[in-house]
Structures are given as C-alpha cells and as structure tokens.
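**Student:** Not my notes, these are from Swiss-Prot:
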DISULFID  Cys37-Cys100  disulfide bond
DISULFID  Cys47-Cys93  disulfide bond
DISULFID  Cys84-Cys122  disulfide bond
DISULFID  Cys111-Cys149  disulfide bond
DISULFID  Cys115-Cys139  disulfide bond
DISULFID  Cys169-Cys242  disulfide bond
DISULFID  Cys187-Cys292  disulfide bond
DOMAIN    32-152  domain 'FZ'
DOMAIN    169-292  domain 'NTR'
SIGNAL    1-20  signal peptide
Amino acid sequence: MPRRLCALLLLASQCLGSTAGLFPFGEPDFSYKRSNCKPIPAPMLLCRGIEYQSMRLPNLLGHETVQEVLEQATTWIPLVQKQCHPDTRKFLCSLFAPVCIDDLDEIIQPCHSLCEEVKESCAPVMSAFGFPWPDMLDCSRFPKDNDLCIPLASSDHILPVTREAPKVCDACKNKNEDDNDIMENLCKNDFALKIKVKEIAYINGDTKITPETKSKTIYKLNGLTERDLRKIVLWLKGGLQCTCDEMNDINVPYLVMGQKQAGELVITSLKRWQKGQRAFKRFSRSIRKLQC
C-alpha cells in the first residue's frame, strides 16, 4: 500500500466527527449504518486489487447494496481500459467502493485535484462515445487536497500515459457518400434501420446497442420478423477499441445498416440522421422503389 494512502487511512481512523459536507449525495444515517463495511467482492473487476479490502455502503453514488454496486460499476470498466489517465480506477473506486474503516463515521471522498485530473483526460474519451461527463462526478463536490480525501498519485510513482490517435470504427468512418452510394450500400446489407439509442453497453470488447422500440423505422430487413424486432440488439464489433464520433449525441436518430452474422445483427454502417439533409430525404423517398 502506498505510504501516502497508509498515512491517510491512519489519520482517518483518528478523525471521528460530523459527516456534514462530506456526503454530497445525501447524508447517510450512521446511527444504524455506523459499521456498514463490506468486503470488496471478487466479481467487482473495476476495483479488484485496489489498495484496501473493505468498502462503505451506502457509497458516494447512493448505492446501498453490493449487487447494485456490481451492476453499476461494470459499466465503467471500458473507461479504465481506455487508459485515459493512470488514476481513473482509483477515482472511480473511491466513489463506487469508498474505503471503509470501522471506527470512522466520515466517508472519505476523492480529492478535488484527483477528480479534475481524471476529468481533463477522460471526459474527451467519454464524449467520443456519446457520453458527457456526468453531474454525479461534478468535481466541485469534492474537498480540496488539504482536507481528508483520496489524493492524486505522486508523479514520481506513475508512468505517463501514451496518447495514441484513437482508431475510428470501420462502420463510423466518414465516407462522404451521396444518396446513390447510400442506396447501393443498403443493397449489400441485410438490414437498414432508422433508430434512436436506448442503451449502450460493452461485452467482450464489442459495443451492444439497444434501440428504442417505439422510435425506429424499418427500411430493409432480411431474416427477421416484427416479433424479433421487439427485442432487437445491434452490435458494433470491436467497439471498445475504437471511437465513433458519429455517436457523440445518442439523443438523435441514426441510420444503421448491417449484416446478420452468426445470429447477431452486426453494424457495417452508422450515420447520424441529418434532418433535412438532401441525401436522407432522397433515401426516404427512393427506398419504396428500390429493387436490389
């Protein structure tokens, strides 16, 4: 365990007092949750191998059960794997699995500088995948470094992050297609849908996209029925290792095309639906007459 963190935890064990101002998402009732320390579960990959073994519940994000923490923490693993900052995991674990000391009522938050450093490096990565830096990670909530908090790692003990130009997902590359190109591409694929995104997840390095069921338009569909579409799932293969600037706003509709591969609908082309754009207007009109 790093010396600074050891000293921090030793100091924390001696600092009993009010929790006012230290729990930004609502002050917990420690009259009955005083010793609610739980072992960090083995399946919690986000915080596996962190410098401490016990976490406090409720955590800094308001999660009250281990199961809830496991479910929510999993969604942040891709950000850690992007290696946007050396302390990303430390910062996230200080929120999802804050260090717990039996004799301490105070919850130990990440320092303001830790949050700011991680945000500066990782917010652009999140934005590239269509996610803004969330309000729940607002750095102004966290204490200055001269208070009791989890600090940024010393620059003497970390290696600089290598920042390579991110690879663009093949399906998201700007090909400057006109309406004829789009129509030709449709004929090469098994499906073409206009969708709005309900949920994005990452599984085994691939991006799983779940569309809104009530906001999709079907232009082409081979091998699937309307019943199948009620639980439709689209896949962007290798999505964890590439960026897709086309999806930097998941609140807008998209035109997605792709092929059925091994029972999965794999996206080969993804474009933001530009309302009023000539190519998309012609596409909507021409699709009814199309004969591939």
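Glycine residues also receive a Cβ, built from the backbone N, Cα and C atoms like all the rest.
Tell me about the setting of these features in this model.
**Tutor:** In sequence order, Asn36, Cys37, Lys38, Tyr52, Ser54, Met55, Arg56 constitute the residues six or more apart from Cys100 (disulfide bond) in its chain with CB-CB distances below 8 Å.
Following the DSSP three-state reduction, the secondary structure of Cys93 (disulfide bond) is helix.
Around the Cβ of Cys84 (disulfide bond), the number of neighbouring Cβ atoms within 10 Å comes to 19. DSSP assigns Cys84 (disulfide bond) to coil, not to a helix or a strand.
Secondary structure from DSSP puts Cys149 (disulfide bond) in a beta strand. The Cβ of Cys149 (disulfide bond) lies under 8 Å from the Cβ of Ile108, Gln109, Pro110, Cys111, His112, Leu114, Phe142, Pro143, each of which sits 6+ residues away along the same chain.
Cβ neighbours of Cys115 (disulfide bond) (same chain, under 8 Å, six or more residues apart in sequence): Phe91, Leu137, Cys139, Phe142. According to DSSP, Cys115 (disulfide bond) sits within a helical segment.
In this view, Cys242 (disulfide bond) is surrounded by 19 other Cβ atoms within 10 Å of its Cβ, with every protein chain counted. Secondary structure at Cys242 (disulfide bond), as computed by DSSP, is coil.
DSSP assigns Cys187 (disulfide bond) to a helix.
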**Student:** Taking the disulfide-bonded residues one at a time (Cys47, Cys139), which has its Cβ surrounded by the most other Cβ atoms within 10 Å?
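**Tutor:** Per the Cβ count, the most surrounded site is Cys47.
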**Student:** Reported as an integer number of Å, what is the Cα distance between Cys187 (disulfide bond) and Cys169 (disulfide bond)?
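**Tutor:** Given the Cα positions, Cys187 (disulfide bond) is 21 Å from Cys169 (disulfide bond).
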**Student:** Among the disulfide-bonded residues Cys93, Cys169, Cys187, point out the residue whose Cβ has the most other Cβ atoms within 10 Å, with all shown protein chains included in the count.
**Tutor:** Cys93
**Student:** Which one, from the disulfide-bonded residues Cys37, Cys111, Cys122, has the smallest tally of other C-beta atoms lying within 10 Å of its C-beta?
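**Tutor:** Ranked by other Cβ atoms within 10 Å, the disulfide-bonded residues Cys37, Cys111, Cys122 bottom out at Cys37.
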